[in-house]
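Taken straight from TrEMBL:
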TRANSMEM  B:22-40  transmembrane segment
DOMAIN    B:75-255  domain 'ABC transmembrane type-1'
TRANSMEM  B:83-106  transmembrane segment
TRANSMEM  B:113-135  transmembrane segment
TRANSMEM  B:141-163  transmembrane segment
TRANSMEM  B:236-258  transmembrane segment
Amino acid sequence: MTAAVQLSNVSKTFGAGADAVHAFGPVDLAIEGGAFISLLGPSGCGKSTLMLMIAGLLAVSDGEIRVNGERVSKPRTDIGIMFQDNTLVPWRHVEGNIALQLELRGLDPKANQPKIDELLKSVRLEGFAHRMPHELSGGMQQRAAFCQALVHDPKTVLLDEPLGKLDAMTRESIRNDLQALWMQKRPTVVFVTHSIEEAVQLSSRVCVVTPRPGRIDRVIDIDLPWPRDLAVKRSARFANYVADIQGIFHGFGIL
Amino acid sequence: MASASSETARLGPRWFDPLSRWAAKSWMFVLFFIGFFLFWEVSIDLFQVPRYILNKPSEILLASRADLPRLLEYTYVTGLEAIIGYVIAIAIAVPLGLAIAFSSILRRTIYPFFVSIEMTPKIAFAPLFISWLGFGLLPKVIIVFLVCFFPIVLNAILAFSSLPDELDRFCRSTGAHWARVFWKVRLPAAMPQCFVGFKYAALNATVGATIAEFIGSDQGLGFYIQISTGNMRPDLAFAGIFLLTLLGLLMFGLVTAAERLLIPWHISVRRNA
Ligand SMILES: Nc1ncnc2c1ncn2[C@@H]1O[C@H](COP(=O)(O)OP(=O)(O)O)[C@@H](O)[C@H]1O
Ligand SMILES: [Mg+2]
C-alpha cells in the first residue's frame, strides 16, 4: 500500500558554506490516506519548511517526498494549503475569495455555488458571503480561509498554524468545526500547531518534532473516540496523552 | 451597509449628511482659513504695504475678474502640459516598473540607474530641454514627464515586487498560468502602491509645468506669474498662483477619485486600520 504522503530521508539546509542553516531532518515518515497528522514542535524547528516541501513549493536538500506515490518536484495542485497569515485578498468578499481558488484553477465558480454555500455553512459563515475580509474578525477570516483552502476538494490538506493568531476561545470553536469538516470529507491532513491539547484533540497521530534541526522524535497514535467532544476532552486518557507529550518536551528542555 | 445615517440623527435632506459631517470635522480649519484671509485683508492697510509689493485678497479677486479670459486660456495651456506629461509618464512608467520587478537583468541595470537619477533634481534639466527644443509644448511636456516619471516607476517596481509570500505560494499551488495570476492577484494587489506614486506625481506635474514656463515660454500660468511680477502687479501674480493651486487640486482630486473608483476596497481597509 502506498502512503498518501511518504517522506524518505528528507532534510533541508538553507544556504551553503559557512552560512548554511540546517533547518530540518533527516526524517522518515509515512502518512496514510485519511489520517489527521499533527506536527508539534517548538518555533523554528522546521515545520513550515516541511509543509512547503510537501507542497512542492520548496525543494528538498536531500531525500524525497512522495504524495500519492508521485515524487514531488514542482508545486502540487492537488492539495489545499493554509498558512498562519491567511491568503484572503482584500478586494474580494468572502465568497469571491473562495471563488478565487476555483478561478485560478480555471474552474467555474457558478457551477460550484452549492459547494461554496455548503462550506460556508459548515464553518458558520452563512450570511457573511458578501462581507469583505476587513469586515470580519480574525476568527471569521480564518474560517473563510478554510473554505478557500478546501473548495477544490483536495485529497491532501496542509494547515500551517491556521489558528496561531487567534484567542483561545475562538480556537476552541474553530477546532470543533475543523474536526467535523475532516470527519465528513476525510482528506489527509497535516496540521502544524504549538498547542499540545489542540494536537491531541484533532489528530489521529501526533508527531513530536525536536528543536532545530527538526527531527521526528516520537509518533504517538491518539486512540480516542471520535468526535473528540467535551466528554472526551475531560477523560483521563485525554489528560494522559497531554501529560505524556508535555513530558517529552520537558525532556527537550523546552517545558 | 450600516451607514452613518443610522448612527446620527438626520437633520436635513440626504445630501446634507456628508456636508454636515464634513463641517463638524473641519469647522476649525475653515475658521482658521477665513481668519487668515481676513488678517491679510486688514494688514495691507494696517501696515501700509505698497501695492507693488502685495495686494489685498479682495483686490486680487477684482484683478482676476478683469483679466479672466487670459487667465483661463493660460490655465488651459499649463493644464494641458501637465496632463499630457503626466499621462505619458503613467503609460510608460507602469509597464516599465512591471518589467523591472520581474526581470533580474533590468533589476541589476536600469533599476540602480533610476535610483541614482532619482537623486538629481530633474528640474535642473529644464533649461537644457528649452534650449534644445524651443518655446513650444514639447519641452514642457518632457519636463513634466521627468518630474512625474520617477515617483511612478519606483512605486510601481515596489508594488509589483512585494506580493506577500503566502499569496505567491497560494497562487503557485493552484498551477495557474502566469497571466491569470497577474490579472486576478498581482495587478490588484499592486494598485494601492501604484497610486502612491500617481498621487505624488500629480502634485509634481503642475510644479514641473510652471517651472518649465518660468524658464522659457510665451504663454501659460508660469509665464503669466513671471510677467506680472516683472510688471509689479502682485495682484495678477497671485491670481495666477490661485489658478495653479486649483489646477493642482483638480489633478490630485481626479487621481483620488480614480483611486476610490478602482480600488474602493483599499480605501475602506485604510479607514478601518
Ligand atoms: N528561506 C530561508 N532561508 C534561511 N533560513 C530559513 C529560511 N526559511 C526558514 N529558515 C530557517 O529554518 C528554520 C526553520 O524555520 P521554519 O520552518 O519556519 O520553522 P517553524 O515553522 O517550525 O517555526 C528556522 O531556523 C529559520 O530561521
Ligand atoms: Mg512556522
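The backbone N, Cα and C atoms fix where each Cβ goes, and this holds for glycine too.
Beyond its flanks by at least six residues, the transmembrane segment (B:141-163) meets 81-82, 84-86, 88-90, 92-94, 96-98, 100-102, 111, 114-115, 117-118, 122-123, 125-126, 129, 133, 185-186, 189-194, 196-198, 200-202, 204-205, 207-209, 211-212 of its own chain at Cβ-Cβ distances under 8 Å. Residues 55, 60, 63-64, 67, 71, 74-75, 78-79, 82-83, 86, 195, 198-199, 202-203, 205-206, 210, 221-222, 224-225, 228-229 of the same chain sit 6 or more residues outside the transmembrane segment (B:236-258) yet have a Cβ under 8 Å from a Cβ within it.
For the transmembrane segment (B:22-40), the list of distant contacts is 56-57: same-chain residues at least six beyond its ends, Cβ to Cβ under 8 Å.
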